[in-house]
Amino acid sequence: MSLAKPILLVGAGALGSSILKGFRVQGHVTPSDVMILDLKPGEEAQAYAADGAKLNPLPEIWHSAKTIILAVKPQGWHAVAQILNGNIDKAAVIVSVMAGVTTTQLKQAFAGHPTARVMPTTGVATGKGVASLYADTVAGMDAARGLFAPMAQTVELADEDQINSATAVSGSGPAYVYAFVRALEKAGRANGLSYSHARDLARGTLISAARLLDETGEDPEALIKKVASPGGTTEAALNILCKPGEGLDELILASVDAAHKRSRELG
Ligand SMILES: NC(=O)C1=CN([C@@H]2O[C@H](COP(=O)(O)OP(=O)(O)OC[C@H]3O[C@@H](n4cnc5c(N)ncnc54)[C@H](O)[C@@H]3O)[C@@H](O)[C@H]2O)C=CC1
Ligand SMILES: O=C(O)[C@@H]1CCC=N1
């Protein structure tokens, strides 16, 4: 797994900062390996600069970058491509984490550069994210792996179109899980728990359930059976939550379909 440095990160917002945190946690990229371009650098970008990263360096310096991560919004990336072009090394690998922007579009904007697409989760910040990778060249896939394999469980996609599905399931997925925790917390309060107890119980339930999923490797179905006693409280809840035809399965399917559709539109 080879990762060519220095790295130029364009966009250090929610995801860009998570990537920077993941570099720090895993140590595979150090602040001195990094240049950051951001119009409004936040806390993490500033902390990197304090530790030796170059923050908003002059364009002359961008030429030294061997790997360039594009982490701006899909709506703003054309402006970034215009600014970068002519100021970057022809061999630099372009790694896009942007939803929707296709390899064809990247290659039009960055002619001659190897490219890769990655759909990470913000969980890379802890060194334990999830990332789907797609590249049509060895150089592109090497860069994507080198950046993300140390801080994420990676899935390598052979078909670029599947990155839209990966975006809808895992890129956006953490927000679905947080929405569930929020709903459980609200329901706890509605059922008489104090604010702090409802909060602790909802969060703790997610974290302990996720640990079991991870540590046992068991299917959700088997784990559900271990919680739900026949005729018990869980079954009473699941009869509503998973009501055939109008329960969670249908709601998640419709939600993922909507995200998938939006991912295609963003390109
Ligand atoms: N937030 C997430 O969970 C995920 C986001 N993504 C993708 O990551 C990309 C970034 O998303 P977020 O980090 O959520 O957005 P964000 O809005 O938090 O961050 C974007 C950053 O880009 C900077 N920026 C904008 N225009 C710029 C320019 N011309 N030059 C330099 N910096 C510029 C902004 O100041 C901001 O800090 C998007 O394309 C999104 O599709 C992908 C997977 C997950
Ligand atoms: O909401 C979005 O468009 C981005 C892509 C996946 C997660 N956040």
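Every residue number used here counts from 1 along the chain in the order it is shown.
Every residue, even glycine, has its Cβ placed from backbone N, Cα and C.
As annotated by TrEMBL, NADP(+) binding site applies to Ala71, Val72, Lys73, Pro74. According to DSSP, Pro74 (NADP(+) binding site) sits within a helical segment. Neighbour density for Pro74 (NADP(+) binding site): within 10 A of its CB lie 17 other CB atoms from the protein chains shown.
Annotated domain 'Pyrroline-5-carboxylate reductase catalytic N-terminal' per TrEMBL: 8-100, in sequence order.
When averaged over the domain 'Pyrroline-5-carboxylate reductase dimerisation' (160-266), pLDDT in the model lands at 98. Residues or ranges marked as domain 'Pyrroline-5-carboxylate reductase dimerisation' in TrEMBL: 160-266.
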Contacting binding-site residues for ligand 2, chosen from Ala71, Val72, Lys73, Pro74 when the Cβ sits under 6 angstroms of any of its atoms: none
Cβ neighbour count within 10 Å of Val72 (NADP(+) binding site): 25
